[in-house]
Structures are given as C-alpha cells and as structure tokens.
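*Asks:* Sharing a structure with you now.
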Amino acid sequence: MEIISSDVSVTTLPETFSQKQNLCIMFLAALSFAYFSKALSGSYMKSTITQLERRFDIPSYLIGVIDGSFEIGNLLVIAFVSYFGAKLHRPKIIAIGCVLMSFGTFLIAMPHFILGRYKFQSSVRGSMNSTTTFGPCPASSAESTQAGCEQESSVSMWIYVFLGNVLRGIGETPVHPLGISYIDDYARSENAALYISCVQTISIIGPVFGYLLGSLCAKIYVDIGYVNMETITITPGDARWVGAWWLGYLIAGAITLMSAVPFWFLPKSLPIPVDKQLNANFTPEQTRFIKDSPSAMEHKFRPEEPANFHQMAKEFVPTLKSLLGSPVYITYLCVTIIQFNSLIGMVTYKPKYIEQHYGKSASKANFLMGMVNIPAVALGMFSGGVLMKKFKLGVMGAAKFAFGTSLLGYFLSLFFFAMGCDNAKVAGITMSYTGVEGLSYQQPSLFSECNSGCLCSGSDWDPVCGENGITYVSPCLAGCTSSTGAGSQPSNLTASLGHCPIRDSCDTMFPYFLFLSVITSFIISLGGTPGFMLLIRCIKPEFKSLALGVHTLATRTLAGIPAPIYFGAVIDTTCLKWGNTKCGRRGACRIYNTTAYRVVYLGLTMGLRTVSFFLCILGFALLRRHVKQEEKIALTNGNVEMEFESLRKEESNNSIHSDQFVRALDCNPDRETRL
C-alpha cells in the first residue's frame, strides 16, 4: 500500500511482519560485522606497536603519532559525514566506509614488501650450532654501516603505515554515528539500549580476535619463508625480535572488505515503531490516518525526501550552534574526552606494560589481552545493557549507574600500584659489575675493568645471561671471547644468549595483576552502555546523528590523537638503554626502568580519571535541571493534547447528533411544506 498526498509520500509498507523483522535483523547483523571488523583491525594495530617500533627503529612517541593518525582521518570528515550522511542513504555510505578501511589496512602492510630483510644487531655470527671465536673488536665495518645508512635514509617507510591508518580512520567515520542512529531510529524505545549493547558487545569480540591474531603473528618471524630460521639467534622474548606484523594486516583488510557487502542490499529506511514520534513533515491529518491504518499498527515509516544539499548546508551551522548550546551535552563531552584520554593511553600501551614490567613476550601479552581482558569488557558492556532494560533506567538512573561503576573501578585500580616488580639485573644499567644495585642512564657505566681491554661498543644490544644471574648488554661487555652453540664463554664463566629469566617474585605477582585487571575491566564496562544511552537521550531527536558525530570528533581529536603521543613520550623518559639505527640515530628502547614505568603509566591513567570525576558533579546538577525542564514540557504538551482530544470528541458527538436530527426530519411522514 502506498499513501500519497499533495506534499509527501510514504514508502510501501512490507506486507508481513516477518519481512520487517528480516530487514531489522539483516541490518543488525551487518552493522555488528562491520563493528567486529573495524575493532579487529584497530586492536591488531595496537597489538603490533612493539613490532612496528622495533622494525622501523622508532621511539614510543612516534608510535603514538602513528596510532593517532587513525583519529586524524576521522577528524577530516566526521562532522560532514554525520550531518549529511544522516540525510542520505546511510547503509551505502557505511559500505563505502568499509571499503576505504580495507584499502587503508592493505596499505599499512605495504612497507614489508618494499623494505629489505630485517637485520638485527648481533655479535654472534653463523648458525647457533657452530662454534666460533671472535676478537674483542665488534665484527662490523664502516663500509657496511655507510651502505646501510644510505639505504635507510632514502625513505621512512613508517609513513606508509601512517597514511594507511589515516585512510582507515576516514573509512571508519560513518559506521558509528550513522549505524547507531539508524538503529535508534527504527527500534522500539525499550529495545534500543539492548540492540546497541548487542552491537557494542559483538564489536568488543573483534579485539579478542585482533589480539589473538597479534599473538599468533608475533610468534612468526618477520621474514618467515625468506630466511633460514637456523641462522636466527634471537627468540620472541628478545627485545630485538620482530614478528610477522604485516600478515595480520592482510587478513584484517580482507575481513573488513567482506563487511561492506551486506550494506549494498539494505534500503534507505526501515520500519519505525509506533511508539516513536512521527516525523514533523506529516500533517495532523496524515498522522491520524497513518496511526489508524491497520498496516501501521506495528510499524511506521519516515517519508522519503529528495536530498537538497543547498538546504542541508544552509541548516548545518544553525543546527551545530543549537547542539553546542546545550550545557548538558558540553559537560558530557568534557567528561568523556578526559576519560577517553585515560582509556586510550592505557589500552594502547598495556601490552607493552605487560612485556616490560612482567617480562612476557609480545605474543603472550597479546594473547592475555585477547583471552582474558577483552572478554571481561564484552561481558560488562552486554550486562550493562541488560540491566538498563530490566530496571528500565531513565536518564538520571543511567547517569548514576555509569558514575557508580566508574568510581568503583577507579578505587580497585589503585591496587595496581602495589603490584610492582623490581628492575631486571643488567650490568652497567640497573646494577654495577660488582653487584651493587643502582640505575644509570649513562653509556660509560657499561664499561668496567673486566671488559676495558675488549674495545667493546657501548651502542650494541645483544644481551647474554651469565651464570651469576646477571644480564650483560653484549657478549663483549660480558668479557666473552668465544661462542659455542647457544652460549658465550667469558674467561671462566658461561653466558647464554638472551635476558636472564624474570624473578620468581614477579611471576607470583602476575596472576594477581591479571585477576584485578579482569575485575576492574568488567566493573567499568558495566556503565558503558548506560553512559552511551545517556548521550542520545539528553538531546533532541533531530540532533541525534550530528551529536554522535561531534562526540566522536571531539573524543578522537582531543583524546584519540594526543593520548598515545603524550603517553608514549612520558614512557620514553623511563628508558635506560636506547638502540641505534644504522645511521647512528636513536632507535627503539631496549630496556626500561620498570619502577618509573609503572608510576608514570598508572599515575597518568588514574590522574586523568580523577579530574573527570570532578566534572561529573557539575554534570549531575545540569542533568537534573534538564530532566525537570523536559518533564514540565511533557506535562504541558500532555494537557494540550488532552484538551484537543476532548474538543475533537465533542465536535464529533455534535456532528453525529446533527446528522441524526436531520435524518429524523427527513423520515417524518407528517411533515408539511407551507408556502
């Protein structure tokens, strides 16, 4: 059936309820898959920061720039996509975004196929099964260094990773604001929170697979298939190890490309439940006609309007001005920006924190993030949506619930400060060659009487573990004169390649760290869905897509871009020994001061959350006033509607009585007509 009036047309309603359900289910499934794919590639990016840092020999702050480039891509188009996209064919715009995301992911992997083979610093030559004797002077020549430097200086390959991540950010832009607003437009009010929590829960499953993929690829050597693995003298736990980071990006790009397919077959609009407000373009007569229509008892539709870009552009600035004039919305933005700074910085460097602080390999750190931490977040997000639906939380109820869970998680997180490990015993860095503990950031401390005649290089990093449980920066600095199998031989001791094992006390502390991490992640994520629903419930319906877009723009501009950079810069200040590139410039950090790392990493995370709680107090006051105003408006409108309905019924009754009187006169046989 199609309803046509002089100034508006309504699209054909589906003939059966099952057709309506199929459309809704198809969009939910497609959006969930898109969320899954973008979350998978995003989490895989974070799982590879250590690999990228070592492969391109760059410090942590530069890794933060690469990670923040995704948000730069969002920044370029988010406001326009959110506003104009909401008035166009939203599913197809989301499909285009998914295609761009996949191309960006493929671009990130490109440097692997352009760069030569990865070469790490090593004093041991040849196969690990061979026995060789080398002189005290390192086996490197100025000519090879000069050639390597010229090759390295030709181009900075990490630029491709940066640009690919920017393209990923541009492609991801329409998925969140257009997808969530699409669901909220066409779902029943009481089901919207549950549907959104389902989508967000499935999107959190993406990081599970992303970190597991990162764990798998981190175990595989970067040049697998191109080198003889018997000649590789380092293991995944070594600070110089680089896994097959590029392989995961090819897999993630293919999955993201597939997620674009379903959106091409979805309509511009879906059935809208009757409990939602009718579109303002309908006249009162059209509204009553559609409501009384039997086919519209379960759902109704928005009118299909031709896109008027001139009118949309003309209304954009006043609409944006009206949105930003809401004190509740602005306060909500400030709170979430600060909390997102804390969250993004913490999540970005958490695998690296596990590696450096507890001595785990990148593969194991990513595996634990995927199998332990992320599922707790997914369960918390879903449970929050279920609780909000079960207890029918309003705006104030959702705000109190989100604040309470965040505050409880904050207090539990303070215990992380007590779960520390001592610095590893490294001669010349964390302790002297005589066994006296003490930190040193200076290169001369690497030399002592036992290696003074060896002419060792202080810039090399090729650690060996001595029988005394102390790690030496290189075999030369340990006083080794020959290499046999997997070990090196000092004058009267034997040293094996690699770091010494982590202390037993730190291994004992690690399970408690994981347990507390799971508990705090679950509790904090419980408030995720109620907090998000608060955003779309405290603004006018017509501002919904733009509000989501501006929220995404603000959080990614002021949190997603700067947080990884300044977190990385602060972490760099705790580095004790830097690696060097072929040209002699500073490369990736080899070892950190774990105590200082813990303090700055956790301190910055908790400090930002502390500031956000003070703003929440102001937010509650503004929100309470906003709710009271809305209740007054609703009460006033309700009285007007009741009066209007009463007058309409009275008018209808009078009309019926008049008709009956006229018919009675017409049927009276005794009536006379007089001249």
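Note that Cβ sites are derived from N, Cα and C of the backbone, with glycine treated the same way.
Keep in mind that TrEMBL annotations are predicted by a computer and have not been checked by a curator.
I grabbed these lines from TrEMBL:
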type: DOMAIN; residues: 27-628; note: domain 'Major facilitator superfamily (MFS) profile'
type: DOMAIN; residues: 444-502; note: domain 'Kazal-like'
type: TRANSMEM; residues: 20-40; note: transmembrane segment
type: TRANSMEM; residues: 61-81; note: transmembrane segment
type: TRANSMEM; residues: 93-115; note: transmembrane segment
type: TRANSMEM; residues: 246-266; note: transmembrane segment
type: TRANSMEM; residues: 329-347; note: transmembrane segment
type: TRANSMEM; residues: 367-387; note: transmembrane segment
type: TRANSMEM; residues: 399-419; note: transmembrane segment
type: TRANSMEM; residues: 512-536; note: transmembrane segment
type: TRANSMEM; residues: 548-571; note: transmembrane segment
type: TRANSMEM; residues: 600-623; note: transmembrane segment
*Asks:* If you count Cβ pairs under 8 Å, which stretch among 61-81, 246-266, 329-347, 367-387, 512-536 touches the transmembrane segment (399-419) the most?
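*Replies:* Stretch with maximum Cβ contacts: 512-536.
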*Asks:* If contact means at least 3 Cβ pairs within less than 8 Å, sequence distance 6 or more, would you call the transmembrane segment (329-347) and the transmembrane segment (548-571) in contact?
*Replies:* yes
*Asks:* Going through 61-81, 93-115, 512-536, 600-623 one by one, which has the most CB pairs that fall under 8 Å from the transmembrane segment (246-266)?
*Replies:* 93-115
*Asks:* So if I exclude everything within five residues of the ends of the transmembrane segment (61-81), which remaining residues of that chain have a CB under 8 angstroms from its CBs? That is, six or more out.
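*Replies:* Contacts of the transmembrane segment (61-81) (Cβ under 8 Å, skipping residues fewer than 6 from its ends): 42, 45-46, 49, 52-53, 93, 104, 158, 161-163, 165-174, 177-178, 320, 348, 546, 549-550, 552-553, 556-557, 560-569, 572.
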*Asks:* Sequence-remote contacts (6 or more beyond its ends) of the transmembrane segment (93-115), Cβ cut-off under 8 Å?
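*Replies:* For the transmembrane segment (93-115), the sequence-distant neighbours (Cβ-Cβ under 8 Å, at least 6 residues beyond its ends) are 31, 34, 37-38, 41, 45, 56, 73, 81, 85, 157-158, 160-161, 163-175, 178-179, 222, 245-247, 249-250, 252-254, 256-257, 259-261, 263-264.
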*Asks:* Could you give the residue numbers and ranges of same-chain residues that sit at least 6 residues beyond the transmembrane segment (367-387) on either side and whose C-beta is under 8 angstroms from one of its C-beta atoms?
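*Replies:* Residues packing against the transmembrane segment (367-387) from afar: 43, 47, 193-194, 196-198, 200-201, 204-205, 207-212, 214-215, 350-351, 354, 360, 393, 401, 405, 514, 517-519, 521-530.
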*Asks:* What mean pLDDT score does the domain 'Kazal-like' (444-502) have in the model?
*Replies:* 71
